[in-house]
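Feature list (source: TrEMBL):
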ACT_SITE  LYS114  active site, proton donor
BINDING   LYS78, LYS102, SER357  substrate binding site
BINDING   THR198  NAD(+) binding site
SITE      ASP154  site 'Important for catalysis'
Amino acid sequence: MTDQATEPRPPHTTPLETARAQLASAIEILGYGEGLHQMLATPRREMNVAIPLRRDDGEVVLFTGYRVQHNISRGPGKGGLRYSSSVDVDEVRALAMWMTWKCAVVDVPYGGAKGGVTIDPRLHSQAELERVTRRYTSEIMPIIGPERDIMAPDIGTDEQTMAWVMDTYSVNLGYTIPAVTTGKPLAVGGSLGRPTATSRGVVHAATAALADAGVRLDEVSAAVQGFGKVGSHACRFLHEAGARVVAVSDEHGGVRAADGLDVPALLRHVQEAGTVTGFAGGEPISNAELLALDVDLLIPAAVEGVLDEESAARVKARWVVEAANGPTTTEGDRVLADRGVQVVPDILANAGGVIVSYFEWVQANQAYWWTEHEIAERLEQRMLASYRSVASLAHAEGLSLRDAALAIGVRRVAEAHQIRGLYP
Ligand SMILES: NC(=O)C1=CN([C@@H]2O[C@H](COP(=O)(O)OP(=O)(O)OC[C@H]3O[C@@H](n4cnc5c(N)ncnc54)[C@H](OP(=O)(O)O)[C@@H]3O)[C@@H](O)[C@H]2O)C=CC1
Ligand SMILES: O=C(O)CCC(=O)C(=O)O
C-alpha cells in the first residue's frame, strides 16, 4: 500500500510540457511521422528583445520581451500580448502553439503567435506602460504587421495597449494601419463585440456541452476562477442566462454564496475595489477551495496549470469549460477523464476572442464596419459549428473533446504544409 504522505509529488508540469504532450497525443491519433511532429513542435520564428524603461522617477530598468510565431502556414501569426512577472519564453512558446491549433479548429485564416513582456503591469504608471509598449513594438516591428503577425490583448494588457502598438507601428511606417492589432478601442478601428467575445464564446461552448447531456444553462450552478476581461464577462453572461454563479475569484482570493452571487452588485464592487475580495454579498473562499466546489460547471479563466493531478482529484464539477489557456496539465486531464468530468478544451472554448479578432481584422482591411448584432450572430454560428465538428469527431472516434479538437487543428495545419509543399 502506498503511503500518500511520503510519496514524492510529481514535478510541476510547465505549460510548454503540457502543450508538447498534447501535440504528441494528436500526432499519435493522426498517425503522423517524427519529421512532421518535430516541425509542428518547433516555433517557426522567435524574437527576444531588451526593453529599457526610464521610470517616472528617472531610474532606468530593463525588461525582456518575446514574440513567438509558432506557425504561419495557414496565414499570418495571430495571438495576444501578455504582461506578467511570470512570463518567460517557454510560456510564450506554449501559448503560441495553442494559438496555432485554436485558429485552425475554428478555421480562421491564421497561424499561431504570442507575445509577452516579463513585467508586473500593476507596479507601473500608465505613462511607464506606454513607454514599455512602444519600445517593445519598435523592437519587434520587423516581424509584425497585418499580413505577418497581428497582436491582441491577453493577461495584463488591454484595448489601450493595442492602441499604443497600432500607433507605434503606424507612425514608423508613416500611415495608419489599424489591422496590425485587434482588440483595439472602437475609436481607432476596433470592433463592436470584441471586448466580450471570448466570454460569449465560452458561454456558447458551455451551453453546447450541457445540451449534449440534455441540460440547460439555467439549471446549473457555476464557479469561475479569474475575474479579469474574460472571467468577469463570463460571469455576467452566465448570470443573464439564468445560471447560478456561486463563486468567483481573482489573484487575491474569492467569494462564495451558495444561493448564487448577485453578479451585477459584484461587478459594481469590483469597479470600486479592484478585486472580488471583500464583497459583502458572499463568504471568503480560496482559489483552491473554489476549484473543489460542488458545482455543475467549473470555468478556469485565469492562468495555466491550476488543474494538476492533485487539484483535479478534488474537482466535483461535471463540466470544466476552459476559458483560460492551458489551465489543465496532462496529469490533471487524465485525472478528470478518469473521474468522468467532461472538459471543453481551451483551443475550442476560448476561441470566441480570436474569432471576433478575425472579424475586426476583416473589417479594418475593408474599412467597412459590421453591426454588433452581425458580429454576435456570426460568433455564435462559428462557435457552435466548431463545437459540433469537435464533438462529432470525439463521439465517432471515442476521443476526449481535447484530443478531437487537437486532431482537427493539427490536421488542418499539417494539410496546409502538405499542400504548400513543406511536408518533410
Ligand atoms: N483576453 C482574451 O480575449 C483572451 C484571454 N484568454 C485567456 O483567458 C485567461 C484570462 O485572460 P484575461 O481575462 O484577458 O486576463 P486579465 O489580465 O484581464 O485577467 C486575469 C484574471 O486572472 C486573475 N488571476 C491571475 N493569476 C491568478 C491566480 N494565480 N489565481 C487566480 N486568479 C488569478 C487576475 O486576478 P487579479 O485581477 O487579482 O490580478 C484576473 O482576475 C488567460 O489564460 C488568457 O490567456 C484566452 C482567449 C482570449
Ligand atoms: O484575439 C486574438 O487574436 C487572440 C487572443 C488570444 O491571445 C487567445 O486566444 O489566447
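Every residue, even glycine, has its Cβ placed from backbone N, Cα and C.
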Cα distance (Å, whole number) from THR198 (NAD(+) binding site) to LYS102 (substrate binding site): 13
Any further residue of that chain within 8 Å (Cβ to the Cβ centroid of LYS78, LYS102, SER357) of the recorded substrate site: GLY79, MET99, CYS103, VAL108, TYR110, GLY112, ALA152, ALA351, GLY353, VAL354, ILE355, TYR358
Candidates LYS78, LYS114, THR198, SER357, namely the recorded positions, that fall within 10 Å of ASP154 (site 'Important for catalysis') by Cα distance: LYS114
Collapsed DSSP category at SER357 (substrate binding site): helix
Binding residues LYS78, LYS102, SER357 (substrate) - maximum C-alpha distance in whole Å: 13
Close-lying recorded positions around ligand 2 among LYS78, ASP154, THR198, SER357, where CB distance stays under 6 Å: LYS78, ASP154, SER357
Residues satisfying Cβ distance under 8 Å from LYS78 (substrate binding site), sequence separation of at least 6: MET99, CYS103, VAL108, TYR110, GLY111, GLY112, ALA113, ASP149, ILE150, ALA152, VAL354, SER357, TYR358
Least Cβ-crowded entry, counting other Cβ within 10 Å, from the recorded positions listed as LYS102, LYS114: LYS102
